[in-house]
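Novice: Please read through the structure below; I'll follow up with questions.
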């Protein structure tokens, strides 16, 4: 049996109040998982100038978190089994909050990048553990609830993208625009404590998520796991590349910093709306047509900004985001479709996220190197086209069932 949405078994029985509280708290946690990354995009020119670093070096402020999100996803299932899911989750959220605040006070490049690494580690562990929570509590609705989770991630991205540039301009520097997003971290810590308590009261945690648990190994030898991870990696290449360089690219084309931040916010807003849409319209196991549809949408939008670089950015950038956002939801759902229980869901998700974020980290860095080497953004955007084509080519291979 897989974890399909069409599973005939009932979801665990929550009281209505407990279910609503659990979903609300999951959303509050998800909102915290991107602002520390996305807020850097509009601030990148200011940070680059203050620390006198190149575009390639500046891109590491987005690439390092994505890289760490990949590396730390792999040991997350073991950590959860060894120390208990909730303890590990709370430490991860605390690490994210502390690192976000520390980065705002960085006074040299070393401390700047060290705090950025803490951001990535915290996001990696927290993000990998949410999948097991969804699989355990909503096994018949993994696509819908993954869409809610992904939508909340997008909401956090949109808020941070919209506010960061304006806060930087109002305060005369980048530090407040980066440090203010420590606040959602403390809210997320409280929210997860409520989730743990609500689960125990509802009787869904029989042995206690604070206790060590038996789990599944990472699916390194499974062909479908590698296909799902490759699909997620290519989508992350697009997402992190666009998050890092959309605002700087349009600033070079004459936009103000505040307007470029709003353009990035339009990307994250469209990404956010596409997340639940993809989950809602995906009603059966075979998601290949929808995967191809969203992949084609992002490819069309990227081709548009290559061929018409100055035309209608507020149309084409959100269009790209719709494709990337829907693809992100499917990338999160695929490992849950092939997992048989919550522990296996953690292992599959950790594998897909590990490979996906590790490869996705190359996006900001390679685009930054291409920008430095060529003196413009034409080659970097063509690199995005190639990634989008490769992602679309995987759609026919992502069929349901365990291989």
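Glycine too: its Cβ is placed from the backbone N, Cα and C atoms.
Just so you know, TrEMBL annotations never went through curation; they're auto-generated.
Taken from TrEMBL, the feature domain 'Major facilitator superfamily (MFS) profile' covers 18-399. The annotation transmembrane segment is assigned in TrEMBL to 21-44, 56-76, 88-106, 112-134, 141-164, 176-196, 224-248, 260-278, 290-308, 314-336, 348-367, 379-398.
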Novice: In the same chain, which residue numbers or ranges, 6 or more beyond the ends of the transmembrane segment (112-134), come under 8 angstroms Cβ to Cβ?
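Specialist: Residues 26, 29-30, 32-34, 36-37, 47, 51, 60-61, 64-73, 76-77, 79-80, 85, 88-89, 91-100, 102-103, 106, 142, 145-146, 149, 188, 195, 332, 335-336, 342-343, 345-346, 349-350, 353, 357.
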Novice: Of the listed stretches (21-44, 224-248, 290-308, 348-367, 379-398), which one yields the highest count of Cβ-Cβ distances below 8 Å with the transmembrane segment (141-164)?
Specialist: 21-44
Novice: Using a Cβ cut-off of under 8 Å, list the residues of the same chain at least 6 residues beyond the transmembrane segment (88-106) that approach it.
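Specialist: Same-chain residues near the transmembrane segment (88-106) but 6 or more away: 29, 32-33, 35-36, 76, 79-80, 112, 114-119, 121-126, 129, 175-176, 178-179, 181-182, 185-186, 188-189, 192-193.
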Novice: Going through 176-196, 260-278, 290-308, 314-336, 348-367 one by one, which has the most CB pairs that fall under 8 Å from the transmembrane segment (224-248)?
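Specialist: Most Cβ pairs under 8 Å with the transmembrane segment (224-248) come from 348-367.
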Novice: Do the transmembrane segment (379-398) and the transmembrane segment (260-278) come close, with at least three CB pairs under 8 A (pairs 6 or more apart in sequence)?
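Specialist: The answer is no, given that the two segments have fewer than 3 Cβ pairs within the 8 Å cut-off.
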Novice: Counting Cβ pairs under 8 Å that are 6 or more apart in sequence, does the total for the transmembrane segment (56-76) and the transmembrane segment (348-367) reach three or more?
Specialist: yes
Novice: Among 21-44, 260-278, 290-308, 314-336, 348-367, point out the range having the most Cβ pairs under 8 angstroms from the transmembrane segment (176-196).
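Specialist: Between the stretches 21-44, 260-278, 290-308, 314-336, 348-367, 21-44 has the largest tally.
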